[in-house]
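The structure appears below as structure tokens.
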Amino acid sequence: MGTVVDAAAKKEANGSLADLNPTVVFVLGGPGSGKGTQCANIVQHFGYTHLSAGDLLRAEIKSGSENGTMISNMIKEGKIVPSEVTIKLLQRAMLEGGNDKFLIDGFPRNEENRAAFEDVTKIEPSFVLFFDCSEEEMERRLLGRNQGREDDNIETIRKRFKVFLESSLPVIEYYNSKGKVRKIDAGRPVEEVYESVKAIFAPKNEKVMGHCHALMKCLILFWM
């Protein structure tokens, strides 16, 4: 019985998402690459909704729901949470978000996540925003920040780097082969990184207007 209800709910969710026809941008980058800061800027200036797969899983656990208990138990047992569980949470958040533009942060973590997301939602991302940052710089940032995170020590940081390289880079390579990766040099100061981000998200007409204003200034200076 439960299976039928779940299947019906999934079908309804897929239909609703298809009707929504959302713009989806996957945001990927190693730990300490600064993607969270830039996501906040994109939300503020371009009207996207920021969805963090990790935050959604933590919120579900905190809710005390049956699903949350199952997720919590899997994590405690060292098991990987199935892609479908995370995707279901993302679907729900997108449908309840009241928006049609989404930044999905930290997902897909691997090729299996990626294939499952496209299979279940029937949605491909518009593009992947990849914050490229050297391991040395990410390590320096993580060790220097004061957020009280238990995993901000040298051993766990390097393990997280290793996982990112082994799991997420194949996803980036897959989308790069389809011309969908927008790579940002994230080793620079926050303001400089945001200028590169802004150039990707700014509407084309806004970019043209910017060039026109710059040209007008040059002409005015020339004739003065």
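Even glycines carry a Cβ here, placed using N, Cα and C.
Noted in TrEMBL for the protein shown:
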BINDING   Gly32, Ser33, Gly34, Lys35, Gly36, Thr37, Arg145, Arg188  ATP binding site
BINDING   Arg58, Lys79, Ile80, Val81, Gly106, Phe107, Pro108, Arg109, Arg149, Arg160  ribonucleoside 5'-phosphate binding site
BINDING   Asn113  CMP binding site
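Feature annotations (TrEMBL) mapped to structure.
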residue : record                                   : Cβ within 10 Å
Gly32   : ATP binding site                         : 24
Ser33   : ATP binding site                         : 25
Gly34   : ATP binding site                         : 22
Lys35   : ATP binding site                         : 26
Gly36   : ATP binding site                         : 15
Thr37   : ATP binding site                         : 13
Arg58   : ribonucleoside 5'-phosphate binding site : 15
Ile80   : ribonucleoside 5'-phosphate binding site : 11
Pro108  : ribonucleoside 5'-phosphate binding site : 27
Arg188  : ATP binding site                         : 15
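Rounded to the nearest whole angstrom, the C-alpha distance between Ile80 (ribonucleoside 5'-phosphate binding site) and Arg188 (ATP binding site) is 34. Listed binding-site residues near Gly106 (ribonucleoside 5'-phosphate binding site): none (candidates Gly32, Ser33, Gly34, Thr37, Asn113; Cα-Cα distance within 10 Å). Ranking the binding-site residues Arg58, Pro108, Asn113 by the distance of their Cα atoms from the Cα of Arg188 (ATP binding site) places Pro108 first. With a 10 A radius on its CB, the residue listed as 'CMP binding site' counts 21 other CB atoms from all the protein chains. Put simply, of the binding-site residues Arg58, Pro108, Asn113, the one whose Cα is nearest the Cα of Gly34 (ATP binding site) is Pro108. Close to Thr37 (ATP binding site), meaning Cα to Cα within 10 A, are none of the binding-site residues out of Arg58, Pro108, Asn113. For the pair Gly32 (ATP binding site) and Pro108 (ribonucleoside 5'-phosphate binding site), the C-alpha distance works out to 17 angstrom. Of all Cβ atoms in the protein chains displayed, 22 besides its own lie within 10 Å of the Cβ of Gly106 (ribonucleoside 5'-phosphate binding site). Counting in whole angstrom, Ser33 (ATP binding site) lies 16 from Pro108 (ribonucleoside 5'-phosphate binding site) by their C-alpha atoms. On the backbone, the CA of Gly36 (ATP binding site) and the CA of Pro108 (ribonucleoside 5'-phosphate binding site) stand 16 Å apart. Between the C-alpha atoms of Pro108 (ribonucleoside 5'-phosphate binding site) and Lys35 (ATP binding site), the distance comes to 15 Å.
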